[in-house]
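Visitor: Below is one structure. I have some questions about it.
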Amino acid sequence: MAVDLNKLKSNFEKIRARVGSGVEVIPILKGNAYGLGGVGLAKFYAGTLGSKMIGVAHVREAAELREAGISCELLVLGGAPFNNIPAAVAYSIQTTAFEREYVDLLDREAEKQGKIAEIQIKINTGLNRIGVKPGEELTNFVRYIKTKTHIKVRGAFTHFAASHIEDHSLTLGQFELFKQAIGEIKACGVELDYIHACNGCAAVWFSEAYGTAVRPGNLLFGYDNNEKPKNALGVEPAVTWRCFVTQLRTLQPGESIGYNRYFIAKEPIRVATISVGFGDGYYRPMLMGGGFALVNGKRCRFLATSMDQTWLEIDGVTNVALNNEVTLLGKDGDDELTVYDWRKFCGESIVFLSSIISNRVERVFLS
Ligand SMILES: *Cc1c(COP(=O)(O)O)cnc(C)c1O
C-alpha cells in the first residue's frame, strides 16, 4: 500500500487555508491513521508539516507514537481505562476527562510520578458518548478538578453527532451548548489553551465553531463526507493498494474454486489467484457485492476469497503474467478504483473500509 505524501500535504494546506492561521489543525491519526499507517503519518505531520498536536483515540496509540520518537503534544480523545493511567502520565499524554473517579486516579498517579497530568475536558452536547453536560454538572466537575494539585486543564472540546448531513440544525444546537460550556469553565477561573469542536466535515463549513483548533481525520486523507457542500476544499485520496497474481489457470465446466465450492464454472473461464484476502483487511462483502479489481487497466470481478488469497476472473484481459500487479485501490491505465467505489461495492462507510486494512499490509510513504 502506498500513501502519496504530496497529496496529504496539499490536503493539509487546503484545510489550513480554510481555517486560517490562528486556528491549529490537529491531525486525528487514530486507528492506525484510518488505516494509512499511524507512526509514519505522525512523523510526517509532526515533522514535515509542523503539527503542534496530534490526536488519537487510545492511550496505547499515543504511547506507540511516543516510543517511535514523536515529541509533539498528544491528545487521547476517547475514555482511558484506568490501567492506562500510568502510561498516560509517564509519556506526558493529554487525556480526556469527564468523570471524577478518573480525575482522582490521574491526580494520584501524577503525584506518584512527580508530574503534572494534563487533561482536556470533554463536553457532552448531544452525542451522549462521553462528556460532561453543560450547566451544574460541568461547573461542579470543574470546581472538583481545581481541588487537585497534580492536574492541569489544557482545553475543552465537544464532538458533533452529524456534522456531515445537509441539515445543519443539530450541529448548530450542539455548538450553542458548547459555547455555554466554555463560558461556564472560564467563569470557574480556568484558562483554556485549546477550545475545539470541529471534526473534518465541520471544519469545511462551520467557521463560527473553529475556536482555537479543528480535528480533521477523514478530510486529511482526501475523504470529505459532507453531503453538501460536496468536497468544497477539493481534497484528494492518497492511497494506492496493489497485490499480485500468484497463479493462473483455466477452469473447465464443473470445476470449482473457493472453500465449499464457492464458485462453480459453467463454461471454461480464465482465473487468476491473487495475493490478498480478508486477513489483509480487504472487506469480504466487497467481493460478494459486485466488487472488482484492475488488472492491466481492465476491471476484473472477484469470484471467491479466503483469508490470504482471492480469485479473479481475467477473461478478456490480455497479457496477464505471473506477478502481474493487481490494483485494489488507485489508478491502473485509464481506470481508477477509489474508496467511493468500495463504498458502492458494499454500502459500508469509507472510514470503516479504510481503517480495517490490516498491519500485514506494508505501508510505503512516497514523497
Ligand atoms: C474521530 C474523531 C475526529 C475526526 O473525525 P473525522 O470525521 O474523521 O474528521 C474528531 N474528533 C473526535 C472526538 C473523534 O473521535
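Quick reminder: no glycine exception, Cβ is built from N, Cα and C everywhere.
TrEMBL does not curate its annotations; it predicts them automatically.
TrEMBL lists Arg129, Met307 with the feature substrate binding site. Per TrEMBL, domain 'Alanine racemase C-terminal' is recorded for 238-366. Summarising the annotation, TrEMBL assigns N6-(pyridoxal phosphate)lysine to Lys30.
Would you situate these features in the structure and describe their surroundings?
Guide: Over all protein chains present, the Cβ of Arg129 (substrate binding site) has 12 other Cβ atoms lying within 10 Å.
Note on the domain 'Alanine racemase C-terminal' (238-366): mean pLDDT across this stretch is 96.
Other Cβ atoms within 10 Å of the Cβ of Lys30 (N6-(pyridoxal phosphate)lysine) number 19 in total over all chains.
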Visitor: Do you know the DSSP helix, strand and coil residue counts for the domain 'Alanine racemase C-terminal' (238-366)?
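Guide: Counting residues by DSSP class gives 24 helix, 53 strand, 52 coil.
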Visitor: Write down the Cα-Cα distance for Lys30 (N6-(pyridoxal phosphate)lysine) and Arg129 (substrate binding site), rounded and given in Å.
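Guide: One finds 17 Å between the Cα atoms of these residues.
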Visitor: I'd like the number of other C-beta atoms within 10 A of the C-beta of Met307 (substrate binding site), please.
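Guide: For Met307 (substrate binding site), the count of other Cβ atoms within 10 Å is 10.
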